[in-house]
Amino acid sequence: MCVICFVKALVHVFKIYLTANYSYNFRSWPVDFRWDDLHAPSTGNSSQRALTCAAAAAGVWLLHDAALGGDTLTRPPRGARSQVQCLLQQIRELPSQLASYALAHSLGRWLVYPGSMFLMTRALMPLLQQGQERLVDRYRGRRAKLVACDGNEIDTMFMDRRQHPGSHGRGLCLVICCEGNAGFYEMGCLSAPLEAGYSVLGWNHPGFGGSTGAPFPQHDANAMDVVVKYALHRLNFPPAHVVVYGWSIGGFTATWATMTYPELGALVLDATFDDLVPLALKVMPQSWKGLVVRTVREHFNLNVAEQLCCYPGPVLLLRRTQDDVVSTSNHIPSMPSCQVEGDVEGNRGNELLLRLLQHRYPSVMAREGRTVVTRWLRASNLAQETALYARYRVDDEWCLATLRSYRERCQKELDDAEAWGPHGLSFPWFVGQGLSARRRRQLALFLARRHLKNLEATHCSPLEPEDFQLPWRL
């Protein structure tokens, strides 16, 4: 054998070896990081805390019982009549509970998370392996196995740009990507921030690709928890330099992460909804309404809007104007070019924006503000947005000055430490009190335009790198 042929054969064998190293036989892969592997010294910051799963669950139930008015330590015994009524109620609810459980663990899980189906994973395996090869060869991706607090093994891929951050320093910022219900990091939403020059950390839901377990909300949250800890404590990114990007159903884990770790730098939600119930009722028979609502609330309670309002940092919502997946509208066009007025009215991202602005700026969003923002959300293209913006004569400079003046005034008047968070003055802001209705409309439109960006794209269209932007900061 000639020297050249030997070298070619050696390169071929080496490539086969590399492919085997990051193939989907992930069981024998050594554990790189566990949820309790926190080597950084404790500073009292929430990014440094190490709550066990048992302690976290206990805390949740303590709060739940307290909200119901019960004594969690010593609960007095109920009367015999009360116990009988409780038993009868449980017996009456047992059939519906069993039906809900059966639906959630069979058809329900496959509908909510189709990417966890074994047949889909097998069918996509060649594409997933090609995606892994591309990330490793072109972007020097580093694969790692993380273990969550429930024992699930989470498959991750990290692309580090810190050595060559680029002219804008984007590589110093880490984007944690949360995929959709049929998305994998090998061929998912991480391509946009990756091509835009950011450092990127992708991971697969439990039951997706190399990750073990089943993709129920609590398992997803546990997986997200270990991913964030891995980014902060092993990859050593400062919390302020970490951006969480969630696409579609990935908005649940993205908002959970920023709610649990409010010191994280920013949140970007792409084609995300506020609540799963309206979307589930859209695709299921009307006669199943009671069962569907109960199943979603008990087993797939993806309360994205509630979690979003708990995050005090910068937020950007990306709404796709041709999205028929997260829309409850009945007149979505069949062709992308057939845009008609009202196509975006049923997009659940509208409710997400309204909930966010109402929580953060309640005085601005009272009556006139909510009405004008709802009208602005009906605009399905840039021309309609601009026309409505000009109609109300929104003065961006005045809006910025008003918001900054309110913040500076609060800095002088408020001495309470609870009024300040990792991103400055905590929400809600009561700016807008005393302003005229016209000024409140202008301020509401200004805030809506800063928090939501329209994209003329369908739900599954890949996001262009130039469309991935960091949220607006005051």
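Cβ atoms here come from the backbone N, Cα and C positions, even for glycine.
Going by Swiss-Prot, these are the annotated features:
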- 175-295: domain 'AB hydrolase-1' (DOMAIN)
- SER248: active site, charge relay system (ACT_SITE)
- ASP323: active site, charge relay system (ACT_SITE)
- HIS423: active site, charge relay system (ACT_SITE)
DSSP helix/strand/coil residue counts for the domain 'AB hydrolase-1' (175-295): 58 helix, 20 strand, 43 coil
Whole-number Å value for how far HIS423 (active site, charge relay system) lies from ASP323 (active site, charge relay system) (Cα to Cα): 32
Pairwise Cα distance for SER248 (active site, charge relay system)/HIS423 (active site, charge relay system) [Å, integer]: 26
Listed in sequence order, residues with CB under 8 A of HIS423 (active site, charge relay system) and six or more positions away: PRO262, PRO312, GLY313, PRO314
Packing count at SER248 (active site, charge relay system) (other Cβ atoms within 10 Å of its Cβ): 25
Predicted model, mean pLDDT over the domain 'AB hydrolase-1' (175-295): 96
